[in-house]
C-alpha cells in the first residue's frame, strides 16, 4: 500500500513539473507582459487576447553596434526584454560587433549555453573549464565558423584582424544573464574589500585600488 502511494505521489509531482515547465501544455505561448512587475520564469504572461505580431518581432539586427568604447565591442541583445514572445521558450540571440582588435571581455552566462557564428572577420575565442583543471580551450575562427560555449563557463571573443568583425550568437535561455568578470570583481557596488581581493589575486592592495578606480 505504501509503495502504491509513493508511486502515485511521484506521478503527481512529475506531472505538475511538466505542466509548469512546458508552456505548450497550457497554451501556445506566454508573451511577457512588459507592464507587470511580477516575475514568472522572468516575466508574467500577457493576456493572449492582447498578443499581436509585434510581440514576436524585433527589427534592427542588421545595424552595426557602436564599438567606440574601452573594449572595442558592442553586444546587441535580442532576448525577452526585446521580444516578449520569447518568454518561457528558452532561446534568445545577439549580435556582437568588434572594432579592429576589439574584445568581448571574459564573462559568463549563468543560465545559458551559447553558440556563435562568425559573419565577418576573424575572432579568437575561448573558454575556461571549471576547477580544478581551469583548462583554456581556444581557437581562431574565420567567417562561417561556429563555436560553442558551455553554460556557466568563463569565455571571451577578440577580433584578431585589422578590419571590423561581426558575430551572431544564439543562447539557450530567453534571459541568459551576463556576468562580466572584471566588472563584477572590481566594479561591484559597494566595492569588495581590497584586502580580500589582494589575497585572492596575490597582489598588493594598491594594485586592487587602482583596478577598482577604473570600474
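Including glycine, each Cβ sits where the backbone N, Cα and C put it.
Going by TrEMBL, these are the annotated features:
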- 104, 109, 114: oxalate binding site (BINDING)
- 107, 109, 114, 155: Mn(2+) binding site (BINDING)
- 30-45: disulfide bond (DISULFID)
- 59-209: domain 'Cupin type-1' (DOMAIN)
- 1-20: signal peptide (SIGNAL)
Residues flanking the Mn(2+) site, with Cβ no more than 8 Å from the Cβ centroid of 107, 109, 114, 155 and excluding those residues themselves: 108, 112, 127, 149, 153, 154, 176, 178
Residue 107 (Mn(2+) binding site) CB neighbourhood, other CB atoms within 10 A: 19
Under 8 Å by Cβ from residue 104 (oxalate binding site), counting only residues of that chain that are 6 or more apart: 71, 73, 75, 96, 98, 156, 157, 158
Cβ within 8 Å of the mean position of the Cβ atoms of 104, 109, 114: remaining residues of the chain near oxalate: 94, 107, 108, 112, 116, 149, 155, 157, 169, 171, 176, 178
Neighbour count (Cβ, 10 Å) for residue 45 (disulfide bond): 21
Of 30, 45, 109, i.e. the recorded positions, those within 10 Å of residue 155 (Mn(2+) binding site) when Cα atoms are compared: 109
All-chain count of other Cβ atoms within 10 Å of residue 109 (oxalate binding site): 23
Those residues of the chain, 6+ apart, with a Cβ under 8 Å from that of residue 114 (oxalate binding site): 148, 149, 155, 169, 170, 171, 172, 176
Sparsest Cβ surroundings (other CB atoms within 10 Å) among the recorded positions 30, 155: 155
